[in-house]
Amino acid sequence: MQTAYPVHDIRRLEEAAIAADPRHDLMQAAAGALAAVVAGELVERRGAVYGARVLLLIGGGNNGGDALFAGALLARRGVAVRALPVLGTPHPAGLAALRRAGGRILEPLAVDEQAETVPQGCDLAVDGVLGIGGRPGLPDRVAAVLDRLNDLRVPIVAVDLPSGVDADTGAVPGAAVTAAVTVSFGAAKPCQLIEPARSRCGRVVDVDLGFGHDDRLTRISALDEDDLARDWPYPGVTSSKYTRGVVGIDAGSDSYPGAGILAAHGAVYAGAGMVRFHGAEESRRVLTGALPNIVYGDGRVQAMLYGSGWGDRPDGADVIAHGLETGLPAVVDADGLQRLPAGGLSPEWLITPHAGELARLLGCDRGEVESDPVGAAHRGADRTHATVLLKGATQVVARPGRRSVLIAVPGPAWTAQAGSGDVLAGICATLLAAGVPAARAGALGASLQAVTAAEFPGPVPPHRLAEHAATVLGRLGQRAAGAADREGSRS
Ligand SMILES: NC(=O)C1=CN([C@@H]2O[C@H](COP(=O)(O)OP(=O)(O)OC[C@H]3O[C@@H](n4cnc5c(N)ncnc54)[C@H](OP(=O)(O)O)[C@@H]3O)[C@@H](O)[C@H]2O)[C@@H](O)CC1
Ligand SMILES: [K+]
């Protein structure tokens, strides 16, 4: 699990670290780590540090200061370092250090000439334009320099974060750096975990600056495959179909029978103890042949799924309202999302909108949701009083009244297809039925789907993906058992 903090919390951590040890010079520590990463890249890419040519892009804040001090260290190792001030007034002490070490400061040129300043034969560029003090987007003259570097195929090492991205939301609304490597100081920023900024970071090197922890911080925690393997509710030797969980599925309609079938596939292959299908007649006919283990009619269930493929079902709102009265946890997906009770749901319920559906719930534009998925998921949770799994390039789980969020393991773009959401809803309902709390169920379900999809080289229909999830779970279960054994033999 990797945890990022919003910029205002990183500033608090920074202040606390300085107060705890005023003699610890954070900028020198950052610059030393940055120089070491750049040196490693130079060795990797051209065999040696000595004799390399490095261009520093310098902004007017401490991000540029980091780059200048790192440049000074590199110059002392025989690197030809040139600094190009592109924004504001460069850090004075950093400039002086670079000059003393033999680096050159290029004249900030006129707007249309700046791109020409990029020297031919440059081995690597360091992006010290903007860090956590930056607003998203870069002026045209900086974008022109980046285009030139791109044309010359010069790799960029970003200082703290790629300049131009929105550090807190992960949005990339204008020109921004695309880094080969990002050297991130003190704590991870949300842009390292949220698309599209995440893809701009390249390889991320986290540099420990001795920041402490604080329970008041907002945490943006991204699951990895180890978390998925460890936290999945595998059955034990004493498990029964009831401890594994009985999932009730009320999904599909005569117009959209496939949604019910796909949701049932998701539930069965994610390991439900039993699946009880309450959906449309049309779905039942196919399901009986495809999954003969499904049962029909009323009876005990431990979690419900409502809404996938309902279309304009007239009694949908009543079905959800009745479900809420039972006190059982549930997933509400797709068409069910337009039929939520005015009084809201419960945090034990998981709603699974994509950006368009959440925008409709919030009465805003889809673009607003996509440009700040974490903020939008929070608003969705507060508005509906339910736990929200916002689907998309970055899948975010938010709980009502809480600022911290979970982010699922990222998956390949191929999962964005009709039917994926139905399968995912079935997987999540299975987790609820097994007793997993709603937030974890959303994050684990979305992660399982992503990890499964990553095992296919190209497009795969959602029902095949659901089937393969069972194989992935088997492998993850063995890995978790192995990790637990190793842990046990150590203690
Ligand atoms: N946190 C830590 O523990 C540590 C932090 N450290 C480092 O400090 C960095 C943060 O430094 P920082 O606060 O000086 O801000 P930074 O991002 O350099 O730039 C702000 C300047 O840019 C300007 N500006 C902003 N947006 C703009 C735009 N779109 N277009 C044009 N201009 C824009 C803005 O000017 P304004 O326009 O607001 O007057 C201001 O002058 C951090 O990322 C890390 O690298 C390490 O040294 C040690 C440990
Ligand atoms: K930067």
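We number each residue from 1, going along the chain as drawn.
Backbone N, Cα and C define each Cβ position, glycine as well.
Checking the candidates D25, D127, D140 against TrEMBL: the one annotated together with N63, S163 at the K(+) site is D127.
Closest to R135 ((6S)-NADPHX binding site) by Cα-Cα distance, out of the binding-site residues N63, D127, G421, is N63. Taking N62, G65, I132, H354, G421 as the binding-site residues under consideration, the smallest Cα distance to S163 (K(+) binding site) is found for I132.
With a 10 A radius on its CB, G421 (AMP binding site) counts 26 other CB atoms from all the protein chains. Contact annotation for binding-site residues (N63, R135, H354, G421) versus ligand 2: N63, each with CB under 6 Å from a ligand atom. Candidate binding-site residues: D127, I132, S163, H354, G421. Those with a Cβ under 6 Å from ligand 1, in sequence order, are I132. Within 10 Å of the Cα of N63 (K(+) binding site), the following binding-site residues from the list I132, D160, H354, G421 place their own Cα: I132, D160.
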